[in-house]
Amino acid sequence: DFSKAMSQAGTSQFQEVIRQELEYSMKVELDKILATAHSNELEPTKKDLEGFKKLFHRFLQEKGPSVDWGKIQRPPEDSIQPYEKIKARGLPDNIASVLNKLVVVKLNGGLGTSMGCKGPKSLIGVRNENTFLDLTVQQIEHLNKSYNTDVPLVLMNSFNTDDDTKKILQKYSHSHVKIYTFNQSRYPRINKETLLPIAKDVSYSGENTECWYPPGHGDIYASFYNSGLLDNLIGEGKEYIFVSNIDNLGATVDLYILNHLMNPPNGKRCEFVMEVTNKTRADVKGGTLTQYENKLRLVEIAQVPKAHVDEFKSVSKFKIFNTNNLWIALSAIKRLQEKNAIDMEIIVNPKTLDGGLNVIQLETAVGAAIKSFENSLGINVPRSRFLPVKTTSDLLLVMSNLYSLNAGSLTMSEKREFPTVPLVKLGSSFTKVQDYLRRFESIPDMLELDHLTVSGDVTFGKNVSLKGTVIIIANHGDRIDIPAGAVLENKIVSGNLRILDH
């Protein structure tokens, strides 16, 4: 036992030496990069690289999955409230007074590349020529006009989206919404083998674009604070931010949740509220809220030990997942940021660059900070508050007659008999937005659709109606054109356009 203990001690000492060497090498490389910065970019670059160094230090310290599965418990009953209970409290007479304490923050760092688009994802047309950003501005403008309030919109951009977004913002200069932006950090990607940055200087254009990345939305706390905007908003009397992904069209300002935050029934305010919703089979990988060491904690699939992944995905054991709609107290962000007390698990995201080089990027997620805040709460909201558009399959749903658009908000059509959304799977010929749009002369009537699968070279004529389960599969080399005015109800259409009953 003694020799075993000695060899273990030796191993851990050896690992410590390696860690120190890696940190030293990293510092040398980062100093070289910083030395290439012009005077106007010196300060922001320095802040970014300092933040990265902290993250890298933690990455070298941590081992294996970050949760001890044995400590995970179901959250206590009252720590996740049903939305109906929050709504039943009604609204105060003076809604304007609570709305004037609110700031809406949208996470706007992502590009539309996964849908074949260049530039920020928020500028993709979603409905009647309106982009994600248009709809967001319309929603807040409608609130401000209806209640005579001043709810501002804040966009967290990344270095990938900042220039294009700022150009577009000029068109809202006459809207009834103050719009602010700040940038999330810019961190260097590191070579998977050497664990050193692949960037040689600070530039991030041309061939250097692949050397840098925005480090996930968990970066919001530090960059919001560093930008000075957090202090300015506190100075204006703002108390809460409502944060959500700009591509989640269900994430509108909810007055009932806001009232619950501002006027808590027990007099004790929550610093952090996470909207969760019930899992379906499509959401088994979504992060879930658990009780861990007497705190509410978000557990993501990447943190789960391999032996327990199936258990984590079980809809019966973990019934809810995080929508990433979050309500957070500004004063709490400031306090925790100043104490350096926001603790978020590191997500190691491996990527292969165009030239074949394997790199890793270290990221964090905004919801993971829930355990650092006091008096956190989950609210189990209706599924309608989670309407993300990640693919053209999602885009087809929100463009269809399943939804009606009013003042920037989408609501499920009253003509649909079931409150659930149909399951839509469009094949690879539809992945890019421009290909997808070319294949539909008009968006089909989908009010009575349960399930749609389309694969291969398929086009849809005008005024097609889809009902029940419809499966359309064009074999390799074949093409299927669904004629204008066709009604497909429980049909399988294959290879040579034989239409079969399903």
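Glycine too: its Cβ is placed from the backbone N, Cα and C atoms.
Features reported for this protein in TrEMBL:
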BINDING   LYS121, GLN184, GLY216, ASP247, LYS390  UTP binding site
BINDING   HIS217  substrate binding site
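Structural mapping of features recorded in TrEMBL.
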residue : record           : Cβ contacts under 8 Å, 6 or more apart
LYS121  : UTP binding site : GLY110, LEU111, GLY112, MET115, PHE132, THR161, ILE246, ASP247
GLN184  : UTP binding site : GLY109, MET156, ASN157, SER158, PRO214, PRO215, HIS217, ASP219, ILE220, SER223
GLY216  : UTP binding site : ILE347, ASN349, GLU363, THR364, ALA365
LYS390  : UTP binding site : SER114, ASP247
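Residue density at HIS217 (substrate binding site): 23 other Cβ atoms are found within 10 A of its Cβ, drawing on all protein chains shown.
Counting every protein chain shown, the number of other Cβ atoms lying within 10 Å of the Cβ of ASP247 (UTP binding site) is 22.
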